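**Q** Here it is: the structure, laid out below.
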Amino acid sequence: MILRGVISSHYSLLFLLIGFLVVSSSITRVLSWGVIHVKYKFAGSQRSIVDLKVHDSVRQVRILAGVDLPLGGSGRPDGLGLYYARIGIGTPSKDYYVQVDTGSDIMWVNCIQCKECPRRSSLGIDLTLYNIEDSATGKLVSCDQDFCYAINGGPLAGCTANMSCPYLEIYGDGSSTAGYFVNDIVLYDRVSGDLKTSSANGSVIFGCGATQSGNLGSSNEESLDGILGFGKANSSMISQLASSGKVKNMFAHCLDGVNGGGIFAIGHVVRPKVNMTPLVPNQPHYNVNMTAVQVGHDFLSFTPDIFDSGDRQGVIIDSGTTLAYLPEMVYEPLVSKILSRQPDLKLQTIHDEYTCFQYSKSLDEAFPNVTFHFENSVTLKVYPHEYLFPYNGLWCIGWQNSGMQSRDRKNMTLLGDLVLSNKLVLYDLENQTIGWTEYNCEYRVTFPFTIAL
């Protein structure tokens, strides 16, 4: 029997702001949008090198593990995101704190039957177990429904009309989650033009976690109630809302990883203009084709196929990863050109892999910008104050050499929060494109960009 689910894990540590806007039938104008205040895991304190590396290492294992899961998993268990949100589920509504992850597809929460699920969290939030019996709008999803056929790639052996639709996900680190699908109302705040809030909702099918093990169990101190997936599959919340006609199959985020805060929005960005590059087809993640890397005014010399490895093609865009990982043939000349601007630096190697140094002057004046080039002439510029981060009185380089990693992760190209912070990133699933533009993502009272649903 094939059980298919796309689940993430537990480290996503941020309240998220989810924007929902409405379009007039005659003219496009913003009528309302939803907000949730935002926090960031590493905000307000110096980021520990060990914490960052452990975070990214486990997440990469989960990105790659499960490509050939024996139970037919879809191979996208890329947990350990950086952000989480409070949403309401059921009638009457109860609050749940869920990781918001662009690398996961389905949404799931821990359920009342679960004995191994966490009951408390060190994040200062109250955890809640979902109970379908407490919700007037909650319904089981049976194994003979279309959703169950789609998620499992066909009918389940031995399925009868009274059987629920199961899911199972096994992660590369041995953690697992299993349960069954339910359908219930998901609530969010909608804010009108005068900043008055009202409740909006949509019907969503999500997983009800009955069994958790490993890092998803009660032993994890930084626990959450579940996952809110914004991946590419039809099972994701955004795809379900789009198929019901409630929203366009597009979303955007603007994340401030330094000060904390940010915005997550559903809909098409009308202003500012965002240049788009095509997604690589037949890839489980948000992959794009990189064509060049520029350090200051100099272009690095390499062939674009350096970013392809086996079935993995292109560069992975993942807001749930903290740093940025480059193939050795890109990493070495890139770091060399950066450091050549200040030849008198006394370099130190921290934890056998981080290049660090002391410097007291302006970073942006002393070191070059790094610009990535993609198809359709789309560029992504990263400033020195973004790719250098402080550690114990030193500045350390955030670029990482993926050529030094294990076999499965060797020479993976993955651009994480290091390069995506303070960028408005738009995911257009209707046209299979992604784009970004520089933006001040610090949370404001007013919505900082215009979106049409």
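Just so you know, glycine gets a Cβ as well, placed from its N, Cα and C.
Those TrEMBL annotations? Automatic predictions, nothing curated.
Copying in the features that TrEMBL gives for the protein in this structure:
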ACT_SITE  D101  active site
ACT_SITE  D318  active site
DOMAIN    83-437  domain 'Peptidase A1'
**Q** List the Cα distance (Å, whole number) between D318 (active site) and D101 (active site).
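**A** Each residue's Cα considered, D318 (active site) and D101 (active site) end up 9 Å apart.
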**Q** Could you tell me which of these active-site residues, D101, D318, has the fewest other Cβ atoms within 10 Å of its Cβ?
**A** D318
**Q** How does the model score the domain 'Peptidase A1' (83-437) in terms of mean pLDDT?
**A** 86
